[in-house]
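Presented below is the structure to which this report refers.
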Amino acid sequence: QQLLTLQGSLHSLTLSGFSVSRCPACFFNLMNLFCELTCSPRQSLFVNGTQFTNDTAANKTNVVEVQYYIGQTFANAMYNACQDVQAPSINVKALSLLCGKDASDCNATNWIEYMFDINNGQSPFPIIPIFSGKMHNTEYVPFTMKGQLSPQDGSGPCSCQDCSQACGPQPVPPPLLPPWTILGIDAMVVIMWISYVAFLLIFIGAVIGAWLIFSIKKTPIFYLTVNSFPHLSLCVTVDASCGETLGERFESSLRSLFARWGSFCVRQPLVVILGSLAVVATCSGGLVYMKITTDPVELWSSPSSQARQEKDYFDSHFGPFFRAEQLIITTTLQSESVYSPNPAGADVPFGAPLDKDVLHQVLDLQTDIENIVASYGDQKVTLKDICLAPLAPFNDNCTILSVLNYFQNSHEQLDRSVGDEFYVYADYHTHFLYCVSAPASLNDTNKLHDPCLGTYGGPVFPWLVLGGYDATNYNNATALVITFPVNNYHNDSINLGKALAWEKEFIVFLKNYSNPNLTISFNSERSIEDEINRESESDLSTVVVSYAIMFVYISLALGHIHSFRRVLVDSKISLGIAGIVIVLSSVACSLGIFSYAGIPLTLIVIEVIPFLVLAVGVDNIFIVVQTYQRDERMPQEELHQQIGRILGDVAPSMLLSSFSETVAFFLGALSTMPAVRTFSLFAGLAVFIDFLLQISCFISLLGLDAKRQEVRRAGLDSYVLDYFKNLSEYLHTGPPVYFVVEDGHDYLSLEGQNSVCGGVGCSNNSLVQQVYASSQCNSPPSTTIGFNPSSWLDDYFDWVKPQSSCCRYYNSSGAFCNASVVDTSCVRCRPMTPSGKLRPIEQDFMKFLPMFLSDNPNVKCGKGGHAAYSSAVVLKGNDTSVGATYFMTYHTILKDSPDFIDAMKMARVLADNITSAMGHNVFPYSVFYVFYEQYLTIVYDTVFQLGVSLAAIFAVTTVLLGFELWSGVLVSITIAMILVNMFGVMWLWDISLNAVSLVNLVMSCGISVEFCSHIVRAFSISVKSTRVERAEEALAHMGSSVFSGITLTKFGGILILALSKSQIFQIFYFRMYLAMVLLGATHGLIFLPVLLSYAGMHRVISQLGKMRVCVCVNVWPIHQKYNLHHTIAPLCKLTKTLKPQKETCPEIHLVFCLVSHLT
C-alpha cells in the first residue's frame, strides 16, 4: 500500500505535473532512483529498514522507515541531467517544483532529501538518504550506476533548452564599447568645440579679407534713389534677365491686385463682412461631425506602421491584450521582521509589506476593489463581469495577481499555523517561502499543505506581485504589486463600455481611499487617455489667461494713443477682438472642413494650432495696422484708396509668409505619424484661411475702425506620474512579449514541429530554443528577453504521452475524459508502444489538440492547456488545422524610454533570426511597441519633415520675392539656424525628440518664416543706396511690426504657460514655445539684418554705356499748390539732359526720360 502511494506521488511529481519527462535522460535517472529502491534484486545492498511495526491481525511486519544508501556520483549525475529541465507553461525550471525551493538553491543532495521527506506530502514513510561521502563503517554498498545523458531507448538526448551540456559553447555577447574620449574628454564635445573655433576663425578671416579687398580697390558707383520724391514712381529700364523681368511683373501684378481688392473691402465692408461670416459659418458647420481622437494608439501609431499592423494581426487572431488595473503598495510602518524557522534553520528577514498585519489591510483593500460596482446604462457592472477568468465556466474566479493569492485571498488562510505549546512549525512565513519557489504547487510540502496556485487556477509568479527585492530574495520585498487583468474587446463597444465604466469607478475609489499605513500608486488601462483629457482641461484656465494677456496687449499695442483721454478712441479694442475672432474663425473653418471629410482631430491640434495661427495672424495684423498708422494720406486720396494702396504694399509680404507656411505644413502631412500628419493638415489650412480673412474681413474692419477714430468713437499632478515613478523603482520584470507565428506553418510534420519546439529532437535553431538562448544572454546589449518562453507545443507533447494520465477519452463516445475522472471506460489516447510514445503527427496531432486546449489543470494532470494556451492557438477548419499561434515570455526590466526602444529592436532582431531559420514569418508583439516604434524612425522623420518644410519655404520665398534665388537661400539658412538652435535648447532643457516635439519643430519652422520673410522682402524692395541702409530701413519699418507683433504678443502669453500644472504644457509648450519665440526674434531681428547687410541682393544701377531711365510722374494726385517744375527740378542734379517724351501709359499722365552716361 505504501508503494502504491509512493507510485502515485512519483507519478504526480514527474509525469502529470510540471514534469521532467520532457528530458528522457533526467526522467530515466529519476526512475532508476525509485525503481532500485522498491524492486531491485540487489535491494539489500543499499536499503536498510530501521523502523518497523507489527500488524498482528495480518501477522505481518510493516517497514515504516528506511535508509537508502546512494552513491554521490550517481546523485550528481542525476542532478546534472535534471537541473536545466524547463516547465514551459510557467516559465520556470522543473526543479523549482520538485526541490521545495528555487532551482538556483537546489543541489543533488537537498533535492533527493526533499523528495524522500515525509513532510513534503508525497512520501508515504520516511526515506533517509545516506550519500557515499557520509558513510562510515557500514556493510552497505551505495546504489550507483552511470548517470544517463542519452538513454538507449531511442528517445534521443535532451534538448539544449533542458540540458546545457547538449548546447555546446554559447556565443559570448560582444563587450560594451568604451566611451569615446579625446584627452579624457568626451570626443563629441571636443569635436564640436574644435569645429566652432574653426568656423569662428574662418568667418573672422573672411570678414577682414573682404574689408581689405574693398578698401584697396574702390570703384565709383552711382546710385539712383527717389527718397526726395515721395510722389514719384521710378522705373529703371536696364538689360534685365528673364527672371528679373518676370519677377517685376509678378510683383506689380500682386500690388495692383491687392490694392484694388483692399479698396473694394473698405468701400463695401458690409458685403465683405457678411460674406466672410457666411463662409465661416458654412465651414464651421462641419464641427457637428467633429471627432476627437484621444486613444494613444491612434495618436502615435500610423495604421501602416509595422507595429500597428502586427498589433492588428494579434488582436484579430488572439483578441486584444487584456486591460490591466494595477496597484503598487508600500507601507509607512517600520514593520520589518526576522523569521526564525522551528525547530531549526537560518533566520530569514521579511520586508515591511510582508508583515501579517499589513497583509490583512492589503487584503481588505483588495476585497473592496473586487466589490466595486459600476453603472453602465441600466446595468450594474462588477469585476466578475469583465475580469479575465481563464478556467471559466468551470472556475469563474477572477485572475488576481497578488501575493494574497498564495493564501487563496482569505484572512483565515493567512492566519493559519501549525505548532504546539513550544514552537510554531508552519505559518504564513513558511507558506510564502515555499510558494515563491514553487508558485504552481498544489500542495505546500510544509506542515500546512495549502496550495500555492491562485484561486483562478493559475500560478502567481513572485516577480509579478513583489517589488523592491534584491536578486531572488523575495522575502526582502519593499512593495506589493496587485494586478487585476480585465478582458479587452475587439469591435465590441458594449462590453468595452462596461470595462471603461468599471475602471472609472476603480479610479474614483482609489483616489478617495485612505489608509495611514499604506501608500498606494495605481494605474488603470484608461488612465493615460483620461490624463491626456484631464491635463488639457486642468490647464484651460492657464490657456485662457494666456490668450487674455495677448488680447489686451494687441488691443493696446495696435493703438496709437496720444493721451489718456483718448485711450478709448485711439486704442484698437475692436480690432483686437476682430483679430482674435479671425484667428478662432480660421481654426474653426479648418476643423470644420476636415470634419466634413471625416478626418478626426487630436488634442494637439486644439492646443497648438490656435497658438500658431495667432502668431501668424498677429504679425500680419501689426504689419497692416502699423503701416497704416505710419502712412500719410496723399492729397485728394480717399480712405479706401489709402488702405488699398497700403494693402498692395504689405499683402505680398503677408502672402509670402502665409503661403510659405501653408505649403510647408501641407508637405508635413506626408509624415506617417498620425499626430504630425493631422497637425500639418489642420495647421496648413488654418493659416491660409486666416490669411484670406485678414485681407478681406479684417481690412473692412480696419476701414470701419479708421472711420470710427476719425469721428472719435470708443470701440494637477497626476496620480499616473506617481504610478510610473514607482513602476520604475519597484518592479522586477518587464512587460510580456509574444512571438507570433503567422498562419500557414506546418505543425503536422516532424520537420515543422522541430523548427518550433524546444524539447527532445527539436532543432537548436527552433523558435523556442532561440528565445531560450536569448534569455540566457541577459547582459546588455545582447538581449532583453528575461525568461524561457511558454510553449504550448512542448506541453502538448508531454500531455499526450501515453506515460501520463492526462490524455484520455471515453471509449464509448470518443469524448475527452479529464484526468480527475474515475471511470473504467476512459482509455489513454495513445498506446504504450514504441510508436505510441513518439510525437503525434498528421491526423493524430489534430485529433487530440482540441482536447489539450480545453483541459483544465488539476492534481492528476497539471499540463492541461486551457488556462495557459486556450488563446495562444487558433484552430481552423472545424478544428482540422492550426492557424496563427504565439509563444509568450517576458522582457527584462525596462525603466526608461531607451530601455523600451532597445527591447523592441532586440525582439525584432530575434524574430528575424527565427523567421530565417523557420522559413516562415514570425514577429514579436508587446503592448508598448506601437508607442515606441516612432522612436526607431524619429530621426529620419524629423530630418524629412524639416527638410521638406525648408525646401518648400525656399521655393515659395524665391518665387514670391520676384525669383530672387539668393534671398530664398538667406531665408532658408536663417530658419535652419533657428532649428539647429532649437535642438540645442531641447538638449539643454531635457526635451526629448518625439512626435509632440516634432510637431513643435514643424511649427517652429513655420513661425520662423514670420520672423524672416517680412524683413527680407522689406530689404528686397528698399531703394536705399547701400545694403546697410536697406537693412536698416527694413529693420526700422518691418522689424518694429515683427517685434511688437509676434514677439511681444507671444512672449507675454508664453510666460503664463510656465504656471501650467501639466508636464506636457510645461515641457513641450512653455519651454519650446519660449525657445522658438526668443530664437526667432534674435535671428530675425538681429542676425538676419546683419547677414543682409553683408550678403543681401544688390540694388545698384551700374553699367557702362548709355542707359534709359524713365521717371514716371503721377500728376493727378499732386496737390494743386505744387507745380510740375518744383516736383521734377531735383532731377536736374542727376542729369544734364531732360527731354520730354510723347509716350504714355494707362496709369501715368506724363513720362519724362533722362539719358545719361552712368559709370
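The backbone N, Cα and C atoms fix where each Cβ goes, and this holds for glycine too.
Whatever TrEMBL says is automated annotation, not expert-curated.
Annotated in TrEMBL:
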TRANSMEM  190-214  transmembrane segment
TRANSMEM  270-290  transmembrane segment
DOMAIN    539-704  domain 'SSD'
TRANSMEM  540-561  transmembrane segment
TRANSMEM  573-597  transmembrane segment
TRANSMEM  603-625  transmembrane segment
TRANSMEM  646-667  transmembrane segment
TRANSMEM  679-704  transmembrane segment
TRANSMEM  944-963  transmembrane segment
TRANSMEM  970-989  transmembrane segment
TRANSMEM  995-1013  transmembrane segment
TRANSMEM  1034-1060  transmembrane segment
TRANSMEM  1072-1097  transmembrane segment
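By the Cβ criterion (under 8 Å, sequence separation of 6 or more), the transmembrane segment (944-963) is in contact with the transmembrane segment (970-989), since 3+ such pairs are found. Across 270-290, 573-597, 995-1013, stretch 995-1013 shows the highest tally of CB pairs under 8 A with the transmembrane segment (1072-1097).
Counted over residue pairs separated by six or more positions, the transmembrane segment (679-704) shares at least 3 Cβ pairs under 8 angstroms with the transmembrane segment (603-625), which defines the two as touching. The average per-residue pLDDT of the prediction over the domain 'SSD' (539-704) is 80, rounded to a whole number.
Sequence-remote contacts of a segment are chain residues at least 6 beyond its ends whose Cβ falls under 8 Å from one of its Cβ atoms, and for the transmembrane segment (603-625) they are 292, 294, 299, 532-533, 536, 543, 547, 550, 554, 557-558, 572, 575, 579-580, 582-584, 586-587, 590-591, 646-647, 650, 653-654, 657-658, 661, 675, 678-679, 682-683, 686-687, 690-691, 694, 698-699, 702, 996, 999-1000, 1003, 1006-1007, 1010, 1014, 1038, 1041-1042, 1044-1046, 1049-1050, 1053, 1069, 1073. Count of Cβ pairs under 8 Å against the transmembrane segment (970-989): among 190-214, 270-290, 573-597, 995-1013, the largest is for 995-1013.
For the transmembrane segment (270-290), the neighbouring stretch richest in Cβ pairs under 8 Å, chosen from 190-214, 573-597, 995-1013, is 573-597.
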